[in-house]
Amino acid sequence: MATPLPPDALVPVKPSLRGVSHQIAFFVAIGLGVALVLTAPGGRATATAAVYAAGVCGLFGISALYHRRTWATERARAWMRRLDHSMIFVFIAATYTPVAVLAMHGTLGTVIFVVVWSGALAGVSISLIWPHAPKWLSALVYISLGWVAVAAMPQLWDEIGPWSVLGLALGGVLYTAGAVVYARGRPDPRPAVFGYHEIFHACVVVAAGVHYAVIAFAVLPRG
């Protein structure tokens, strides 16, 4: 039987803006995701665009649902926490999918695709089995998986151009900065309104926007 949470145990002073940025991003992502799929040139481009769009919408949707709602039981909150953390890995792999399939060629693209999705599945498994893993460990795994593309930078530079590669790198830097803030728990400017977790969420939103632009205008047209 699920154990109800006492009112003061639900969330210790949850910031009033917790999850708001991801809630807004979810609805924006739906529209942009549909547009991306509909304008993709077909074949692998459309398929990878659909995977990418689903991953982005899934991340922001689950995050918004978990953070905006006050969960009535500890069991429900614990499972939503698991799903929230799991979706980060799925999101990373989904973002890599169009890049690895369309902008990388030969063995390298296949290896990157397999490594990232294998890492994502392993990360999901860890999130479900060990939901209270240390924040620094979770951040380290996220960052490591996110920077796998470094191995393909020379090829990407030739295929999609320097500005697009710089866009991918900028998004990676923003994700990394957000993960570091999440792991350290600071800066925490206004804990009751907008704290360190909100900074982390904001970094994710901006980084996702940068990567969307690269995928929409440089990667998918190559499909």
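Note that Cβ sites are derived from N, Cα and C of the backbone, with glycine treated the same way.
For the Zn(2+) site, TrEMBL records HIS197, HIS201, and the single candidate of HIS67, HIS85 listed with them is HIS67. Under the criterion of 3 or more C-beta pairs below 8 Å, with sequence separation of 6 or more, the transmembrane segment (24-43) and the transmembrane segment (163-183) do not qualify as touching, having fewer than 3 such pairs.
Summary of the Zn(2+) site environment: with the site residues HIS67, HIS197, HIS201 set aside, the chain residues having Cβ atoms within 8 Å of the Cβ mean position are PRO15, ARG18, GLY19, SER21, HIS22, SER63, GLU198, PHE200.
Sequence-distant contacts of the transmembrane segment (111-130) (same chain, at least 6 residues past either end, Cβ-Cβ under 8 Å): 82, 85-86, 88-90, 92-93, 96-97, 100-101, 104, 138, 141-142, 144-145, 148-149, 151-152. Long-range contacts of the transmembrane segment (49-66) within the same chain: residues 19, 22-23, 25-26, 29-30, 32-34, 36-37, 40, 80-81, 83-84, 87-88, 90-91, 93-95, 97-98, 201, 204, 208, 212, 215, 220, each at least 6 residues beyond the stretch ends and with a Cβ under 8 Å from a Cβ of the stretch. Across the binding-site residues listed here (HIS67, HIS197, HIS201), the residue whose Cβ sits among the most other Cβ atoms within 10 Å is HIS201.
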